[in-house]
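Notes follow once the structure below has been shown.
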There are 2 protein chains.
Amino acid sequence: MLNIGLLGLGTVGQGVVEIISKRKKELEELLNKKIRIKKILVKNMDKKRNIILPEDILTDNFNDIIEDDEIQLIIEATSSLGEGYRYVKEGLERGKHVVTANKAIVSRYFEELTALALENRVAFLYEASVAGGIPILKPLKEHIPLNRINEIQGILNGTCNYILTKMFEDDLDYDEALKIAQDLGYAESDPVADVEGYDTLRKLRILSSLGLQRKILEDDILLEGIDNIKSFDIEQIKKLNSVIKLIGEAKHYEDGYVAIVLPTIVAKDTYFSTINGAFNSISFKGDNVGELKFYGPGAGKLPTANAILTDVLDIGLNTYRNKNLLGKKRLKNYNYSMKGRFYLRIPKMDWKVERGLEEITEEILGQNKYIGIKTKEIELERIYGIIRTLNIKKKEYFLGRFL
Amino acid sequence: MLNIGLLGLGTVGQGVVEIISKRKKELEELLNKKIRIKKILVKNMDKKRNIILPEDILTDNFNDIIEDDEIQLIIEATSSLGEGYRYVKEGLERGKHVVTANKAIVSRYFEELTALALENRVAFLYEASVAGGIPILKPLKEHIPLNRINEIQGILNGTCNYILTKMFEDDLDYDEALKIAQDLGYAESDPVADVEGYDTLRKLRILSSLGLQRKILEDDILLEGIDNIKSFDIEQIKKLNSVIKLIGEAKHYEDGYVAIVLPTIVAKDTYFSTINGAFNSISFKGDNVGELKFYGPGAGKLPTANAILTDVLDIGLNTYRNKNLLGKKRLKNYNYSMKGRFYLRIPKMDWKVERGLEEITEEILGQNKYIGIKTKEIELERIYGIIRTLNIKKKEYFLGRFL
């Protein structure tokens, strides 16, 4: 019998219950043993829920799970950073396998929790924490021993991608597109973590630490979100027969690395431009395998629960890799000296100010009360230099990069 | 010590030697034991080879490998169907794990070899046999217990995709594009298996048997290749702002299934149109995970060797799944009654004959000495009915389908 303790019965938790219930026969045949969720931790025992559950399965006391020696595996699906971390840590310390979908926890405590699992000879798996239903972390881990991974790129946040798709396809304003995303449940009522790019940043932190085999922390990643985007920007980019995607990218660069999350301009007939709506895509390049790309649903009840359960099966079958895969070395960060062509939109100012722009400009794409330019190939820090010099506030500019 | 017997030292075999040599440290760290290729079976011991090998590693006698109890694992990289099959079978019977890149063997003897491996409690793995470097079979197998897989689609042959890409991008004739593919080593001097679609068919046989969990044999798959394509066809499809890809597809259909390999017309801003050159892509849809897509190099020395070595690592770490994953049930085949819109190009005939075309035609796309039409939504068998009625020979028509 594989006894599971489930923490949280929100959307993802319910998805886990649903799939285990409908695929019980297949799962037990594969595992060659029974599988059941023995306890579910919830905040509110009396809340009305649209799901049929065995009697006495709910608890509001974590001790009922952590103290139960029959429970070998904990699925953490709370979406809380503080409590979730405590549960994961305690679970691993007590010798229980832990599976989580919580990217905030993995990103913040990646090294610590990975080491803790190794020490206690249990699994710490988190496939669902990056790109929802897409099997990406396991293939990535499996390619690391065979390849030097040189580059990882991804559209990692379904909310941003949905908003950008809507703005381009239906000529909506940012606020209108955000509102629809919220109505459809793609965006939270407080969308900051998504639209300002923090969610993408966390996923890139996880992907890049694994892929590049270096210690790359949240603070090492340069971040621009999509919350400042205006219809003006969409107009300029459309003229170039291109679209904007929020892309996280990490790569080896000179003797160090670059790790950035930036709105990225991609031509219409290229791969990333076909990733629309709430979908995600990730690519990585290995020196032997070449470039691999993965596409799928970036979130959602069943896709995320499905990813959690691929981890659960790996634990049940003992087919997970329990080596410490994380690199310990720190390398030089070259974010600001990364070269490229960029899109910059700022408020239209007087001619003296604009002259500061002149030397980096390849083409003025459009101007009215804003001015939008495509730069020559320059180092990224020159853009921030100009933003500082012109004293432009965070909310007043939009910065993107041409892929 | 993990002792490997390698069969064949062609392109793929050399890739295996190369990666094991350059990643030895990482592999041995992961496996926690030494890894070495103990013997390599070759046809000609005296052939000059551009690769440095330990003394006495070559043999032209399979017995030196099969009789060597130290060799626990055989990598079959011969590209021969008859001999390869004999080696694989004998290897499994002698209790050796077998990894192969040989799609012809897997396709032809899938059920037999899978059962044989199970019986002898060894692994029979073949990740490299479908879509070269793309990790597809393992993710697919891992999703089967959690999902009903409803549909699998793929661009599975790099040669065809390269030829089609060249014809569309550079306005080349079929013969010119094939010649370039041959010069670059993408196409064999005898390209029949590729351009007539047999290679795609074999890969679809493997994917669909796994994915649909049904016995779907080579003969169950309807096949049209790309060898009849003409510049006339490219012109018509370009007018529709679309391109042609050779796509294999299997899906549940009514109470049975459909399994077809057909030139497929895809609009320019959609996913499959961005898969160019010798690359492959596969998508599958599960009822829980939704649609997943995978992209990467469909062939080549290092990508294929890399895929072989992911299997080898799964054996060395004992993390492969050894359940018999193949469905035994047969289901009704609906290939000919599959509904869709099709492209048909035939020689231009007199008006009486063309009247036969009229009732299925939605639009005549072009005509000179040929006539190319887009059909209404019809059953596929109606096309073959017309081809028979008009007495059009295999070499005289080109048939595609609109996705």
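Note: Cβ is positioned from N, Cα and C throughout, glycine not excepted.
The domain 'Aspartate/homoserine dehydrogenase NAD-binding' feature in TrEMBL is assigned to A:8-127. Among the features that TrEMBL reports, NADPH binding site is placed at A:Lys103. Annotated domain 'Homoserine dehydrogenase catalytic' per TrEMBL: A:135-313, in sequence order. Positions annotated as L-homoserine binding site by TrEMBL: A:Glu188. TrEMBL lists A:Lys203 with the feature active site, proton donor.
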The domain 'Aspartate/homoserine dehydrogenase NAD-binding' (A:8-127), counted residue by residue under DSSP: helix, strand, coil: 54 helix, 21 strand, 45 coil
DSSP-derived class (H/G/I helix, E/B strand, else coil) of the residue listed as 'active site, proton donor': helix
A:Lys203 (active site, proton donor), number of other Cβ atoms within 10 Å: 25
Secondary structure at A:Glu188 (L-homoserine binding site), reduced by DSSP to three states: coil
